[in-house]
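S.K.: Next up is a structure, given as structure tokens.
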Amino acid sequence: MGHGTNRVEDMSSPNNGTAAAAVATPRETIVQIHSVCLPPKKTAFQKLKKRCADVFFPDDPLEKFRDQTWRNRVLLGLQSLFPIFTWGSQYDLKLFRSDVVSGLTIASLAIPQGISYAKLANLPPIVGLYSSFVPPLIYSVLGSSKHLAVGPVSIASLVMGSMLSESVSPTQDSILYLKLAFTSTFFAGVFQASLGLLRLGFVIDFLSKATLVGFTAGAAVIVSLQQLKGLLGIVHFTGKMQFIPVMSSVINQRSEWSWETIVMGVGFLSILLTTRHISMRKPKLFWISAASPLASVALSTLLVYLIRSKTQAISFIGHLPKGLNPPSSNMLYFSGTHLALAIKTGLITGILSLTEGIAVGRTFASMKNYQVNGNKEMMAIGFMNMAGSCTSCYVTTGSFSRSAVNYNAGAKTAVSNIVMASAVLVTLLFLMPLFYYTPNVILAAIILTAVIGLIDYEAAYKLYKVDKFDFFTCMCSFFGVLFVSVPLGLAIAVGVSVLKILLHVTRPNTVEFGNISGTQIFQSLKRYREASRIPGFLILAVESPLYFANSTYLQERILRWAREEENRIKENNGTTLKCIILDMTAVSSIDTSGLEAVFELRRRLEKQSLQLVLVNPVGSVMEKLHKSKIIEALGLSGLYLTVGEAVSDLSSTWKAQGQP
């Protein structure tokens, strides 16, 4: 093939509508043909080590330990395990003041939300407060985000409530239901911490943006419809989570509607939505929406207390026990017929809460230009859920609404979580009797206000404009949650996402290239109008790895390209097709099936008197081509560094041989 030699090529006749002029003009131009080199030799162990490092340690976590004394390594190790040691030494009174303000602000939101979300999960309201006390303390020590506000969230609460209540009644078998909730939380924590410890965070990437947009919107609609029970004062309401049964229950129970409850619910819902709108329009007034839930709880509780003797139509929470979280490790359910349900619920709620927590943490970290370590976050969220399951807590994670309030309130460190937990502690010890007359309708209004923001119309419209398949995935998730069930809706969306991946892998794209006139640049004929074909050549680019899953398809597709090109040449009386050039720049890897496909393709093209040329295979692909003897089979003129060099060299060779 004449690697490293100078070739003479005629490149000077005017352009006749094809790119032939770009490689054959009257003046002679010296073209240097470069070698395609093999990568440096490495042992199998070295290759495996590098591959594992790339897959599991892309951030190179051990880099900071190099060239350090043992004392510094111990300190760095503590900082890696407990991020509080990173910023704790620089903590001062100024930072503390900011954290106290933000912590008390989010506590005013966390207390009513905790009670509300626990009811959404069909758990006793006090469990929501327990879950707003222990987990934030653990996260403040282990978490790497400065702004993440930890506690119960609507989506995880809904999923847990819907999955567990399908098999166990939260009213008729409340003790077993509570055991399953704590056990699910334990398994969620184990799963989350395992992902972080084993650095398998890419597992949650199967929940694509499109899937999450549709899922959260569908879940938000279901949650909103479920709150009609509280807003209308209905006593006998369906436990199902699908659109049709919920709406049927609302209509069929018209006789139970309470006008007193409706008036109070609509009034406080209007106040909550108005304050939310004000804070969204003017972020500096964040405290209005942050304080409004607790203020609404206080005002509605006072109203119910004052009118308790005049009407019994408005239901209220009733007695809530005082005191710290009771231990619940003895309630974990590790054997029995419902263990599989607890594990499944834990896995699904664990993935959802982990995805939400990391996404929220990274959002606010990017706004303040610091980094949140995904694996540390997985371990922090996992360990806090494991500890929470032993202290009467259910699944918790970083809440977007509380974190946004925390950020706007000026939080500087995770101490804001400690302040919030301290406020919850005071509530648990001394203030629980004040919630006795808190009406259920205000909890429904608080949940409605919170979940409305989960319906992201703009994101769905953007998906429609940018990627129709992603929009289809989003709609599958949305309608699956709405009409089938919450877990099955999520499973449908994940299945569609996996199908998309399989389609990309098994049916990769191939593009026909042409030469941009007057240059050595070769680009897609469809994208660039100025690009034109080179007579005698069919230049194709493969835009994926060559695997067993797509090797047969690519072989057949390339042969079809060749047939179509020959038919086009016959119709236009063009120059006979002599060579097919495969640009392998985008072929990042190849397996034995791919190698066999390349060998078989060369053989079948040879029978048709067509030459196969490979261009710019990457290092690992080049190594396998060399070891499989395919390079030898292709011959001296079968491998080039660039498409331009291949066209120039082969055109010169044909001209020297007297071929047209």
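Each residue, glycine too, has its Cβ placed from N, Cα and C.
Unlike curated entries, TrEMBL annotations are predicted automatically.
Residues or ranges marked as transmembrane segment in TrEMBL: 147-164, 176-198, 210-237, 257-273, 285-307, 331-354, 414-435, 441-459, 471-499. The annotation domain 'STAS' is assigned in TrEMBL to 527-650.
Could you tell me the structural context for the features on the list?
M.R.: Counting residues 6+ beyond its ends, the transmembrane segment (147-164) has Cβ neighbours under 8 Å at 106, 110, 113-114, 117-118, 120-123, 128, 131-132, 135-136, 139, 170, 177, 180-181, 184, 215-216, 219-220, 222-223, 226, 241, 341, 344-345, 348-349, 352-353, 356-357, 360-361, 364-365, 368, 384, 394-399, 402-403, 405-407, 411, 414, 416-417, 420, 447, 450-451, 454, 485-487 in the same chain.
Cβ atoms under 8 Å from those of the transmembrane segment (414-435) belong to residues 83-84, 91, 95-96, 99-100, 102-104, 106-107, 110-111, 114-115, 125-126, 129-130, 132-134, 136-137, 139-141, 143, 145-151, 297, 301, 317, 320-325, 406 of the same chain, restricted to positions at least 6 beyond its ends.
The list of residues near the transmembrane segment (441-459) in space but at least 6 beyond its ends in sequence, with Cβ under 8 angstroms from a Cβ of it, reads 112-113, 115-117, 119-120, 125, 154-155, 209, 213, 216-217, 219-221, 223-224, 227-231, 233, 261, 264-265, 268-269, 272-273, 276, 293, 296-297, 300-301, 314-315, 317, 400-401.
When pLDDT values are averaged over the domain 'STAS' (527-650), the model yields 91.
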S.K.: Which residues of the same chain, at least 6 past either end of the transmembrane segment (257-273), have a Cβ under 8 Å from a Cβ in it?
M.R.: 230-234, 289, 292-293, 296, 299-300, 303, 311, 313-315, 439, 441-442, 444-446, 448-449, 452
S.K.: Grab the same-chain neighbours of the transmembrane segment (176-198) for me: Cβ-Cβ under 8 Å, and only residues 6 or more beyond its ends, written as numbers and ranges.
M.R.: 56, 121-124, 127, 160, 164-165, 168-170, 204, 328, 331-334, 338-339, 341-343, 345-347, 349-351, 353-354, 374-390, 392-395
